[in-house]
């Protein structure tokens, strides 16, 4: 486990260090057998605004589960949240999720971290009842946003090993129909932002945290946007 980190630093290497991270990689590999509906890197960028709009609707759930209204969800509040969402994870799995998403290691899950956590749950959860529970809470488009993010990662991960490499990002950019060099430069800058530990490999969690930064979720959430 790493020390105290800033938002742009890596909390751990991309090589799975916990059972949870191994499960995330395995779940992504299973999902990748279904392929991706996305055809170009540019089309991912075009989807940003709609995904951002849908993810911000998570704020309703976040505020409900932040029982003491301090701008962060603590471990006990997260267990309560899972119970209300009918997500049947073990205490160990909930603890692993909390640790994986608490990037600042301040024992509190902020809003952008909560979005990442819910998306990981979406990927990991076999039983769809928990996803339906989120819809009953008035967020019918939440699953669509999460699936689009999964689909984008699947598109980038050409060899379907659960990680996106620098070469795969280059390949994805080269496949874009526009062929504009500016798009390539933007894409490689995005990869550098995702690759926290600079090992040339990006896992799904790194991808999700980078996405929340790209669309400005942290910057626009005053209560929990502090670094």
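Cβ atoms are placed via backbone N, Cα and C, with glycine included.
Any TrEMBL annotation is an automated prediction that lacks curation.
Positions annotated as domain 'EF-hand' by TrEMBL: 53-88, 89-124, 144-179, 182-217.
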Margin query: Treating G and I as helix alongside H, and B as strand alongside E, what does DSSP give for the domain 'EF-hand' (53-88) in helix, strand and coil?
Written below: 22 helix, 1 strand, 13 coil
Check: Do you know the DSSP helix, strand and coil residue counts for the domain 'EF-hand' (144-179)?
Finding: 22 helix, 2 strand, 12 coil
Check: Cβ under 8 Å to the domain 'EF-hand' (144-179), counting only same-chain residues 6 or more beyond its ends: which ones?
Finding: 14, 24-26, 28-29, 31-42, 44, 47, 50-51, 54-55, 118-119, 122-123, 187-188, 190-191, 194-195, 200-204, 207-208, 211
Checklist line | DSSP-derived helix, strand and coil totals, residue by residue, for the domain 'EF-hand' (182-217) | finding: 24 helix, 2 strand, 10 coil
Check: For the domain 'EF-hand' (89-124), what are the DSSP-based totals of helix, strand and coil residues?
Finding: 25 helix, 1 strand, 10 coil
